[in-house]
Amino acid sequence: MSDSLFTDSDLPRQAREILPGVIHLPGWLDVTQQLFLVRQFQLFAQRGIPPHSPDIFGKKMSVQMTSLGWHWSNYEYTQSVPELGGAAPLPVPDWIVRLGRRAVEDAYARPNLQWPVEETERTIRWARSYTPDMALVNYYSPQASMGMHQDKEERSSAPIVSLSIGDTAIFRAGNTETKNHPYIDLRLASGDLVVFGGPSRFMYHGVPKILVGTAPTDIGLHSAGLTEGRFNLTLRDTGLAALATAGLPLK
Ligand SMILES: O=C(O)CCC(=O)C(=O)O
């Protein structure tokens with residue numbers, strides 16, 4: 001029997017704990033919610049930090065980014081962006097915090113997970129206190145990719161919430177030690193949610209490929225002036241607010 005008979009794309013897309021603490025919920029956002037998000041991304045781009053490709057140690061990323069709450073560049077969070085005329089990030093709106101809480105709750109308040117091991121009641125209470133203070137909107141053109149990296153500039157081990165809209169991406173979920181094997185390649189389609197926390201909070205991860213032409217036609221990409229590509233909304237709790245208030249160094 002040919003191996004290609006049952007490729008990843010043919011198998012039913014089910015909610016799965018990919019690795020301990022890494023939960024994939026396919027189709028978590030419906031079309032109306034995706035449309036809403038695409039419109040909001042346009043507003044963020046018009047009113048906040050303009051989408052740009054950050055330099056990482058002198059090399060431009062292929063992804064375009066804008067962010068709320070904090071600006072991220074070259075492995076550092078800042079509150080203003082001198083290279084973009086001193087622009088400051090817009091605040092994280094309440095609806096994003098609510099979205100993040102719902103995502104963490106839906107991901108972790110499920111039976112039979114390897115992580116967390118707490119009972120459901122406690123997990124729900126814990127998920128409801130999730131307060132992302134930073135949201136990153138990444139836009140991938142069909143040629144864009146993101147190399148393997150850890151999200152580790154945060155002073156908090158709260159989970160990362162990641163939503164996909166537009167073309168399907170190959171998302172590489174790795175290990176906490178190296179950028180290399182072992183890792184798992186996962187297809188993230190429009191509307192999918194991934195939450196990673198607990199033992200996998202600091203896993204290496206990346207997006208090696210965008211599958212061109214796979215975006216649904218009814219999620220408003222055209223009205224955003226786009227015919228293709230993928231948005232990713234990543235929510236993070238930086239844990240930096242207390243340091244900033246106390247005037248302490250953020251690094
Ligand atoms: O686009 C994605 O799914 C991942 C984004 C990501 O890894 C990041 O923003 O750090």
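Every residue number used here counts from 1 along the chain in the order it is shown.
Just so it is clear, glycine is given a Cβ too, placed from its N, Cα and C backbone atoms.
Residues annotated as domain 'Fe2OG dioxygenase' in TrEMBL: 131-239.
TrEMBL lists H149, D151, H205 with the feature Fe cation binding site. Its own atom aside, the Cβ of H205 (Fe cation binding site) has 25 Cβ atoms within 10 angstroms in the protein chains shown.
Taking the mean position of the Cβ atoms of H149, D151, H205 as the Fe cation site, the remaining same-chain residues with a Cβ inside 8 Å of that point are M148, Q150, K152, M203, Y204, G206.
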